[in-house]
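TrEMBL has this to say about the protein:
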- 10-37: domain 'C2H2-type' (DOMAIN)
- 26-47: region 'Disordered' (REGION)
- 32-42: compositional bias 'Basic and acidic residues' (COMPBIAS)
- 47-74: domain 'C2H2-type' (DOMAIN)
Amino acid sequence: SDDVNVRKPHECNICSKRFTRTTTLKEHKKTHLDENDPDQAKLKRPHKCNTSGKSFTCHSYLQKHTRLHAAENDPNRKETCYVCGKDC
């Protein structure tokens with residue numbers, strides 16, 4: 001038990017789970033937030049898309065999502081026909 005406290009000194013005050021880094025603990029605490037509460041939802045998913053309004057927990061997820069919008073608006077983008085399988 002003491003060995004765990006040394007290796008993982010940062011403890012969640014809600015569930016007692018322990019972490020090696022404060023940043024990991026901070027991210028973990030977001031799992032306890034209530035997404036039905038608008039104020040808590042903003043904390044849990046702070047990265048919001050300006051195009052669709054969808055929110056994400058990580059900035060990198062928002063960046064990936066934003067690339068989808070860019071692809072949708074590309075005039076050279078080709079669609080694959082679901083009937084014949086050809087690019088149109």
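Using N, Cα and C of the backbone, Cβ positions are placed for all residues, glycine too.
In TrEMBL, annotation is done automatically, which means it is predicted and not curated.
With a cut-off of 8 Å between Cβ atoms, the residues of this chain six or more beyond the compositional bias 'Basic and acidic residues' (32-42) that come close are 12, 14-15, 55. A Cβ distance under 8 Å defines the sequence-distant neighbours of the domain 'C2H2-type' (47-74), meaning residues of its chain 6+ beyond its ends; these are 30, 41. Taken through DSSP, the compositional bias 'Basic and acidic residues' (32-42) splits into 6 helix, 0 strand, 5 coil. Here the domain 'C2H2-type' (10-37) returns a mean pLDDT of 91 for the predicted model.
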